[in-house]
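Annotated features in Swiss-Prot:
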BINDING   Gly118, Thr119, Lys120, Gly121, Lys122, Thr123, Thr124  ATP binding site
MOD_RES   Lys229  N6-carboxylysine
MOTIF     404-407  motif 'L-lysine recognition motif'
Amino acid sequence: MITIEQLLDILKKDHNFREVLDADGYHYHYQGLSFERLSYDSRQVDGKTLFFAKGATFKADYLKEAITNGLQLYISEVDYELGIPVVLVTDIKKAMSLIAMAFYGNPQEKLKLLAFTGTKGKTTAAYFAYHMLKESYKPAMFSTMNTTLDGKTFFKSQLTTPESLDLFAMMAECVTNGMTHLIMEVSSQAYLVDRVYGLTFDVGVFLNISPDHIGPIEHPTFEDYFYHKRLLMENSRAVVINSGMDHFSFLADQVADQEHMFYGPLSDNQITTSQAFSFEAKGQLAGHYDIQLIGHFNQENAMAAGLACLRLGASLADIQKGIAKTRVPGRMEVLTMTNHAKVFVDYAHNGDSLEKLLSVVEEHQTGKLMLILGAPGNKGESRRADFGRVIHQHPNLTVILTADDPNFEDPEDISQEIASHIARPVEIISDREQAIQKAMSLCQGAKDAVIIAGKGADAYQIVKGQQVAYAGDLAIAKHYL
């Protein structure tokens, strides 16, 4: 429960309070109301709900519906003049985060918080950290793919970083379930829309940066994207940063006055020898590590997670065991066909991650290589040119372009746009299952491979704003082995 007096105090301390307006006019103080629930969904309110009117598409009709269900007061940046009191604020999203934090009893103070950001690798690093901490503690995890609030039951995540009301409700459930740590992926979008406003992490990890999520509904420029990624560093007590990433010197200067650990080529924490399924490290994580995920970048993700978990209480033995146990659904999953050709299923969904995926596969498969790829509709439009550029740099690759969450766009048009950046013929098969079947039928022996990129473990396609059932890349590939 939270009282009107408490929530006004929170807003005033954050300099986010304008006034309360009701039939009697303007009020700086207000009394007599308390709330047992928080909501931003007008269909889920009653007389004891504190409602947040948020979003560019919010309509007064939503409030009218809520009022018929008993709503007594709402918080908004706009007075909709509907006859009930309104708490007017300068920034509704910041208000949501701080009020949710207090409403749920400040659960962030009862958990050790670890956050990962980066253009790629967040989910893999989060899974590494989860398995490391699970050796001696009780970690919960909010990842792009799956969420667990009790370390036992996993469910599909809706957002990389949940909306603030959901985030703190889920954190509170983690505390109730006896969890000791929480591992999160924190997207640049989470900072852009203030989902984690006011939250301080015990350790923040910056894995890498490359152009992505740049478009009309995301970040207008790379500078804006990079800036919002860096906000995790400002909001973490200690940081772990990849010294091999672009713009590392800038980040090193930024974190010079806070506790920090670096890993990678310009640091003391390095991988000294690397095999397909093992590596040796020096520095704070010195030792031998077995790993199920192939690729040097996955070994670096393991190093990043290991350094973070070391600070959060994990032992070197915990870290070694955790790395050895980690598998990630939809990340570098490998199948073998009856003719011994390989099928790689991976979530690679931007130019940089695609380049790394192709490079890893080319190290191990020297025959005919076929790539199945698409790009999502109505977001991340810059990826399409990036995909074309990467494919152009791999001239021996046979490419079939297909659908990948086309949303409100025509998948054929998206494929044609990608193809326009490739200086050689490619095939377009918009039906993703048919594209996979065609590519697999072209494999002849153990040196050949099919690379299915983009969707990973997703068992749906986003079409016209809806999740449409899709068997999933891995299930389809297994069917045609």
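Using N, Cα and C of the backbone, Cβ positions are placed for all residues, glycine too.
Known features from Swiss-Prot, placed on the structure.
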residue: Gly118; record: ATP binding site; CB count, 10 Å: 23
residue: Thr119; record: ATP binding site; CB count, 10 Å: 22
residue: Lys120; record: ATP binding site; CB count, 10 Å: 24
residue: Gly121; record: ATP binding site; CB count, 10 Å: 26
residue: Lys122; record: ATP binding site; CB count, 10 Å: 23
residue: Thr123; record: ATP binding site; CB count, 10 Å: 25
residue: Thr124; record: ATP binding site; CB count, 10 Å: 27
residue: Lys229; record: N6-carboxylysine; CB count, 10 Å: 24
Provide the three-state DSSP residue tally for the motif 'L-lysine recognition motif' (404-407): helix first, then strand, then coil.
0 helix, 1 strand, 3 coil
State the non-local partners of the motif 'L-lysine recognition motif' (404-407) in its own chain: residues 6+ outside its ends, Cβ under 8 Å from one of its Cβ atoms.
349, 373-379, 414, 432, 454-455, 458, 461-465
Sorted by sequence, non-Gly118, Thr119, Lys120, Gly121, Lys122, Thr123, Thr124 residues with Cβ within 8 Å of centre, ATP:
Phe116, Ala125, Glu185, Leu207, Asn208, Asn301, Ser353
Using DSSP and three states only, what is Lys122 (ATP binding site)?
helix
Averaged over the motif 'L-lysine recognition motif' (404-407), what pLDDT does the prediction give?
98
Using C-alpha atoms only, work out the spacing between Lys120 (ATP binding site) and Lys229 (N6-carboxylysine) and round it to an integer in Å.
12
Can you grab the distance from Thr124 (ATP binding site) over to the residue listed as 'N6-carboxylysine'? Cα atoms, rounded to a whole Å.
18
Provide, as an integer number of angstrom, the distance between the C-alpha atoms of Thr123 (ATP binding site) and Lys229 (N6-carboxylysine).
16
Check the DSSP secondary structure of Lys229 (N6-carboxylysine), expressed as helix, strand or coil.
helix
For the residue listed as 'N6-carboxylysine', which of these binding-site residues sit within 10 Å, Cα to Cα: Gly118, Gly121, Lys122?
Gly118
